[in-house]
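**Q** So TrEMBL lists these for the protein:
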type	residues	note
ACT_SITE	B:LYS81	active site, charge relay system
ACT_SITE	B:SER156	active site, charge relay system
ACT_SITE	B:SER180	active site, acyl-ester intermediate
DOMAIN	B:27-495	domain 'Amidase'
Amino acid sequence: MALQRSDVQRVALLARLEPTPDQIDRLATELAAIVEYVDSLAEVDTDGVEPLVHAIEQTNVLRPDVAVASLSRDAALANAPVHNGVGFRVPAVLGD
Amino acid sequence: MADSLAELTAVEQLRLLNAGQTTSVALTTACLDRIAATDQRVGAFLRTTPERALAQAADIDRRRAAGDAVGALGGVPVAVKDVLCDEGQLTTCASKMLADFRPPYDATVVERLKQADAVLVGRTNMDEFAMGGSTENSAFQKTRNPWDLERSPGGSSGGAAACVAAGQTALSIGTDTGGSIRQPAALCGVVGLKPTYGRVSRYGLVAFASSLDQVGPLGRTVSDVALLYDAIAGHDPHDTTSAKAAAEPTLPQVNEPLKGLRVGVVPEHFAAGLSESVRQAVERAIDSYRQAGAQIVEVALPHARHAVATYYVIAPCEASSNLARYDGVHYGRRTDPAAMHARLAAERKSAAEANDATAARQIDTALVRLYRQSRSEALGPEVQRRIMLGAYALSAGYYDAYYLKALKVRRLIRQDFDAAFEQVDVIAGPVTASPAFKLGELIDDPLAMYLVDLYTVSANLAGLPAISLPCGLSPDGLPIGLHLMAPPLKESRLLRAARMFEASRDPLPLPRLD
Amino acid sequence: MNDYQTIIGLEVHVQLATLSKLFCGCATTFGAEPNTQTCPVCLGLPGSLPVLNERAVQLAIETGVALNCTIPEFTKWDRKQYFYPDLPKGYQTSQFDLPITEHGWLEIAGETEGTAPKRVRITRAHLEEDAGKSLHDESAAGGDSVIDLNRAGTPLLEIVSEPDLRSSAEAKAYLNELKLLLTFLGVSDCNMQEGSLRVDANVNLHVPDSANPAKPAATPIVEIKNLNSFRAVERAIDYEAGRQWRHWQETGLRMGQAPKQTRGWDDSAEVTRAQREKEESADYRYFPCPDLAPVVITADEVTRVRVAMPELPAALRLRLQTEHGLSAYDADVIVGSGRELTEFYEQVAATGGDAKQAANWVTQHVTRVMNATGKLLSELQLPAESLGRMIAKIVAGELPSSRARDVFDLLLEQGVDVDKAMASLGIAAVDESELIAICRTLLAANPKIVADVQAGKQQAVGALIGQAKQKNPNADPGRVRAICLELIAAG
């Protein structure tokens, strides 16, 4: 199934990427080739087969409800590209 | 006798250390010297940390001299792929996104290496976020195959394999999501083990595809790999997918041959597409098992031919989610906000001048633009391609056809192995279709690059332990790998089977780098 | 006449009362300095992995059982993917298709006294992690936001009701009953000011359909957010119903003809306002979290929870009426005040030996003091034992009810026991013979009153009570009155 430019643009927004017009064309072609290849899975009969999410199938891996020491604020903010010593700075989350 | 202490095996280095015939400082210095002398050509290391390594080595020497306990790796230098968190040290995943990232915590594997008194000499190059099979997707540098500097070392753990092949360190840590330890090990003529999924903690391993990623050791011998594996394996409460079963040490038994070994062979592995040199080398290896008394049994893995397609749905889906956190807000690289705001203002102005309300509405908010621009600038093309692929496959209307379907085929692949291992103890075959390819040869053809994983991805999908070890040289003098797979948690069996073959032949020489 | 019916479903998020977060060991204490309760896991740092908090699972099961839900044997974790600065991983770990509990109900009182209770169906209640929040930043230029991740990763239970509610009053009753239940269970403190209980309301109308008189038409659903109190929920629903009715009359748009809209409640202007449409329609790309193992909950475990379940509000109300003989109103006031007051009441009644007197003291005096002082029951110096013993003294006739209020005040002020309080107030039961003597003296001195009583004006004896209290302040007015009447009758 061919991927349209509009598919690439829709997915790019979902994934918060910003391909240039050239990149959109190239991605449409490349992704179409990969999608065509993985479309071969359709021929496998999987009726009644349970999906395998985890390569190791364990259940109920839990920890006790115990509070432990957190990072210092300086350590928490140390890798932030922009911070004010208190929190992570970002452009306003509401409005433009 | 090797020219440098660095070129000895880890087991030999450890023997000299314990016998007082060398020191960790001497060994570490030898490794750092060897790296300094060769890495301009090889490019295995993104950076070394000589001060820290020598301080660590001196501390271990002091403790050993004082008769205090030292860990199992007691002063042996180890290189670590730049994808495992090391507290306070750069951990970049070979991505511009994390060029300045210093985690405030240790990965469990790094913590165990420190506890075992491994000397951490530096961080090796890789494909960005471990996505790739040639190490050419590193944002920072090329790594070259020590056997032929025009060729790729493979990937994504290309630096990890090249540094061991080049005799820079005896041991290194890699990670394997679809073959990323075994394929470079094969192409560089070293031994690389991908343990059972869950055997080695993923805590602190920067995730690519969580249900497939596994950390593992590389070395020049099976024993060295067993030594390093023993130091890092075992249950970790910080990783919910960590196997609860105890990891018994493998090194003490590694030299014991397996009696009555049944070696499985999959006919499809030798079908069209396999190069003649690899086919011959692998068939000779299987023949040597036969000569050692093993029984060779044909087994069928009927769904194996769908493994690459399955992998290239599951891995990108998980990756698109795992890499959503790189958005330039809490850590990582952020686009220049002034330029970004200026561009947005210009877009709004032109939409207003054209009186185009639709265009005006479609302009991103500053926040959305910050995300998009930061991510597009700081993530490389292959990473973006896989994020796009995963986001597409998980988007509304496609989930059942791709992701859910792939998970079901994944179970069929696993069931094939379960059935096969009823009949055999290990499965043997090629690691790659051909020896090392030229740098640049596959980089413009993503699908061809994905097919490089043909023989290795099944082990990741099924969560099996698998190893690559050298089984010969091609007519051009390039290494060829033998692939062995075993049932889950049977690392000891796998390593012993590998050692049986290794013991039957002369070791590969170190490649000449001068 | 507004000929429509309002259809309401509520989504309630409650923070579970755990000590640590859902997937890491960071504390969940409210009010800590920003970004001081984070770690690699809840910061979403590369390489970090979640480990599920068993207490959160336990609290979710308890809530599910209390809400009459089924607890499926298998539950799992999914990633809900979207980008927002308070969501550091770019996804929220939640539950999509296999929630930990589903298909339950909660009963609320009928709209008027005497009508049958109403069952509100619960669609599901699932576990998920909370996001961080934006802070106001005075220092920031250009209207930047500042993000605090202390709250990120706090365990939430999202309780989704079916659209069974038909009025804002029912919505409020449902919320009150749900909050009461959750606080009785101790699964959440449900403090709305601190954000540990949050409500979103889905509202639409059923309107007469001229095309098909037999079946009403439905208007498009609107989700109302930013509801900061139960009162805001009520007002927002009422406002929204009116707005939708006008909108229906103007446009005639039905469900499916317009997308589901999200509107925010503006508490000061008392209106809902359309919120900015997202850039793309929500496509959360849910998929099972590969980092978390599923959870299997056996029938035995559910039975254990069921057996250990405390008595819940509905059952308690009933028992206070049948066993204690309280009115429905009193039972509701006591139980509705919460588990602490209900347990307090039960102790007072047990010690005092008179359930109705206990109910009066608790609902009138104790709650009055709590309201007046703004204190919690536990902050008052009033052990249930003390109040109970005070009531026992009244019942035994040792404490005249006229003086009980003074004793009660002293118990509260000084935290002394009842005997000490009575002693310091000089209260002692007056001997019957002494009372008779006092009455004889008074009757002898007041022949006019005696004559009035004999003439049938029994209330005339009241004038003697004050005089009796002057002679002995402990004289019980009831006894004085009774003795006087007896003596007069005896001639």
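Each Cβ is built from the backbone N, Cα and C atoms, and glycine gets one as well.
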**Q** For the active-site residues B:SER156, B:SER180, which one has its C-beta crowded by the most other C-beta atoms within 10 angstroms?
**A** B:SER180
**Q** List every residue in the same chain as B:LYS81 (active site, charge relay system), at least 6 positions away in sequence, whose Cβ is under 8 Å from its Cβ.
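**A** Listed in sequence order: B:ARG123, B:THR124, B:MET126, B:SER157, B:GLY159, B:ALA160, B:SER172, B:ILE173, B:GLY174, B:THR175.
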**Q** Calculate the distance in Å between the alpha carbons (Cα) of B:SER156 (active site, charge relay system) and B:SER180 (active site, acyl-ester intermediate), and round it to a whole number.
**A** 5
**Q** Could you check what DSSP calls B:LYS81 (active site, charge relay system) once collapsed to helix, strand or coil?
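**A** The residue in question, B:LYS81 (active site, charge relay system), is strand (DSSP, three-state).
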**Q** Check B:SER156 (active site, charge relay system) against DSSP and tell me helix, strand or coil, would you?
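**A** In three-state terms, B:SER156 (active site, charge relay system) counts as coil.
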